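The structure appears right after this line, and notes come after that.
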């Protein structure tokens, strides 16, 4: 993926995350639940003082430090490995985008705005950036696993 496309994709993904959070805050009261796809997904507004899926509540200094380290390392890795396959680039793009999206909330608000509730399973409320991070990490693990198995 060319550097320009990577940067534009990063900006777009972070913007989508921030716009989704802005929309939730503007249209749903704190703690209110509104069905989006009845029985499947509801939207709610939650202020999360923890990490993805509400773990490690009230440890902001820890999350800021970890976020800076992970994003910094991902950018360093991209810069020093210019010929990564598209899947690793996509994984790192999602991880960086998700990290930046939640980092903006932490710096601006001291909490992260969460809004997606899966009605069909007992699961934490999460946001778009959490989704980026989750998919990015899963994709990276698959890439690394494939490398180990096949030497790619």
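Every residue number used here counts from 1 along the chain in the order it is shown.
Every residue, even glycine, has its Cβ placed from backbone N, Cα and C.
The active site annotation in Swiss-Prot covers 114 (among others). In the three-state DSSP assignment, the secondary structure recorded for residue 114 (active site) is strand.
Within 10 Å of the C-beta of residue 130 (active site) there are 23 other C-beta atoms, taking all protein chains into account. Annotation source Swiss-Prot lists active site at 130 (among others), citing sequence analysis.
Nonlocal intrachain contacts for the transmembrane segment (5-25), taken as residues 6+ away from its ends with a CB within less than 8 angstroms of a stretch CB, comprise 43, 45, 78, 89, 93-94, 96-98, 100-101, 104-105, 113, 115, 127-129, 132. Per Swiss-Prot, the feature transmembrane segment maps to 5-25 (among others); the stated evidence is sequence analysis.
Long-range contacts of the transmembrane segment (61-81) within the same chain, counting only residues at least 6 positions beyond its ends with a Cβ under 8 Å from a Cβ of the stretch, are 6, 51, 89, 92, 95-96, 99-100, 102-103, 106-107. Annotation comment: Swiss-Prot describes 61-81 (among others) as transmembrane segment, evidence class sequence analysis.
The transmembrane segment annotation in Swiss-Prot covers 84-104 (among others) and rests on sequence analysis. Packing against the transmembrane segment (84-104) from elsewhere in the chain are residues 1, 6, 9-10, 13-14, 17-18, 52, 63-64, 67-68, 70-71, 74-75, 77-78, 112, 127-137, 139-140, 142-143, 152: each is 6 or more residues past its ends and has a CB under 8 Å from a CB in it.
According to Swiss-Prot, the feature transmembrane segment maps to 125-145 (among others).
Within 10 Å of the Cβ of residue 114 (active site) there are 26 other Cβ atoms, across all protein chains. Residue 130 (active site) sits 9 Å from residue 114 (active site), taking the Cα positions as reference.
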